[in-house]
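Summarising the annotation, TrEMBL assigns domain 'ABC transmembrane type-1' to A:206-413. Taken from TrEMBL, the feature transmembrane segment applies to A:25-48, A:200-231, A:251-272, A:279-301, A:321-341, A:395-416.
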Amino acid sequence: MTDQTSQAELVRQSLKRRYRKERRFRAYGVIAIAIALSALVILFADIIGKGSAGFMKTTLNLEVELDGEMMYLDDATDERQIKMADFVEPLIQALMKELPSASESDRSAVRDLINPYASVTLRDALKENPDWLNTSRSMTFLAHTDVDVFVKHAGDSAYSIKLTEQQRDWVNQLVEKGVVETSFNDTFFKNGDSRDPSKAGILGAMIGSLLTMVVTLALSFPIGVAAAIYLEEFAPQNKLTDFIEVNINNLAAVPSIIFGLLGLAVFINLFGMPRSVPVVGGLVLTLMTLPTIIISSRAAIKSVPPSIREAAEGIGASKMQVVLHHVLPLAMPGMLTGSIIGMAQALGETAPLLLIGMVAFIVDVPNGFFDSATVLPVQVFLWAGSPELAFIERASAAIMVLLTFLIGMNALAIWLRKRLERRW
Amino acid sequence: MNTMNATVTSEADMSETENTPLPETKPAEATIEEGVTVGQPFADDAKFQLRNVEVLYGENRAIKNISLDIARNEVIAFIGPSGCGKSTFLRCLNRMNDSIDICSVKGSLQLEGQDLYDPKRDVVELRARVGMVFQKPNPFPKSIYENVAYGPRIHGLANRKSDLDDIVENSLRKAGLWEEVKDRLDATATGMSGGQQQRLCIARAIAVSPEVVLMDEPCSALDPIATAKVEELIAELSESYTIVIVTHSMQQAARVSHRTAYFHLGHLVEVNDTNKVFTSPEHELTESYITGRFG
């Protein structure tokens, strides 16, 4: 009897210890997750803090007098005259009108508030509407990048304001009058890259990424799935297949820049394909993504229960029919998930693309697979390395766009898996 | 696949004791002479003629020199302790062992005079003639209709939708499932109960009108009520099909089969009419097994 009670006592004590251990173990898990989450929050807060201003632009609302005499233009339908005409003067005049304190000697200081591309905007507008000549028009122009930086980051020590005291004064006056306004930066989504931050956009990089991803998906998914099916279902188990398996696993761990070198050596130097084009980028990223897709597809095929295979074989389905009718549909969610994750990886890849020339400064939005292009992460890389401070917020904004795409793709992967998953 | 592996390992364990005397719990005179089967292993009207069959897993002999006839339209039960080779032997009859690389089959196996393991023989055609029902119900994760229609479809047995509908209905009726599922043919098969799933698998097997149905412990995953239904079904099917059933339940063997074959360590020890096996077995080992002294 005493023996039994003392034993119960021992058990109770060990229980206490066990519970303590369990609580400690759970606490470790919570701490680990908290660290990961806080890192993520800091990352997002930093990027959003820096990048949100990139989605805003500063504009000038001006009442422009399109005086033909002042612009040396008497026929707006004449190409040659348009080319020769002065479109800067009307802008300066219009802005001077808004700044009563500015004298004639301040012309160049006033001129520096206007974006260098504003005159191009005006010229294009007049080209389209020749009858505007000798009328007065209310139009919106981009402000100079320095004005943009001043309006957005006046108190921020990280940004050096290049405007003089006088110019700052003017800008403050203009803001009060409503001439200088900030609005949603549609230019950012409509333009390619530019030397001028206020005119730089990511459309070129987005289209470049899209074209590259199309090539990558079109090549890597069928090749990867076919390789996985062959290796898993048809290939004999021998030294050669073992060797191939080891190599595929190795390839998945090869640094991506090596694939870039390979692409440079093979696709560009040996096959003579053009530099900086989405096709070569897609080919290189295909090489990089293939191991991921093959490995995840093989895992998906392996996870198909053997009973389903046996059932199909038992009623006389051929090997092909077993694979196509039963194994493939059941493995598809896993294959798709793996492929989308591989594609997301490829979308965020920079290093190999630097080596095949997709790092070039390209203003035009690419029109096809053989047009020079750059991609989103490379655009981020380019802007992050630019000397102009205004590019920092553009880079952060581009990161936000890239992250949005990545989150979207991963969400799609999860949704597809939930949707296609079948139970048995 | 798992059951196959289990067979291999247990076989490996047993091969060590192969040449040593049997443990004392068994009668001392109960020895097995290789290739000798007591009782009536041969039949006049043989569907399968199996002579000197050997199955090897690498170095292990899982089946040792077995000769047996399986008669037309009979129900023959294979019984024996775990690892005795009865499932392995069953799987030879429609070459389900083919997918195991290290497995090789020797001897003469004939289905109506044609060699099963002839290299020119199409295994797909063989499996259309010799269907199989597995230990665990394994319906495809598709609709009930698709499960039954799959076999006829891949073999091109029905050209029109109405023909296919007829085959599906007939098969489900034969499997005693039609009344239960006729209103939900489009429902997914994995949502059915275990017993229903197994009867669906039987319907799927008979939908391609096989001559023989092999059943590998078809009731081991089912409760007694579902088991009773499947056994009833076997009795009905025996009118038109030859049925080979592997079972661990001796009562089941006694209830459903005409002949019973007792396997031991890869040997076929005794084959006789089921009544005789369970009332007056000729071999000591058979008697020990059915009276529950081991196994």
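Every residue, even glycine, has its Cβ placed from backbone N, Cα and C.
By number of Cβ pairs under 8 Å, the transmembrane segment (A:321-341) is matched best by A:200-231 from the list A:25-48, A:200-231, A:251-272. Take the transmembrane segment (A:25-48) and the stretches A:200-231, A:251-272, A:279-301, A:395-416: counting Cβ pairs under 8 Å, A:395-416 has the most. Where the transmembrane segment (A:279-301) meets the stretches A:200-231, A:251-272, A:395-416, the count of C-beta pairs under 8 angstroms peaks at A:200-231.
With a threshold of 8 Å between CB atoms, the same-chain residues lying at least 6 positions outside the transmembrane segment (A:200-231) that come near it are 187-194, 241, 244-245, 278-279, 281-283, 285-286, 289-290, 292-294, 297-298, 300-301, 323, 327-328, 335, 339, 342-343, 346-347, 353, 358, 362-366, 368-369, 373-376, 378-379, 383, 391, 394, 397-398, 401, 405.
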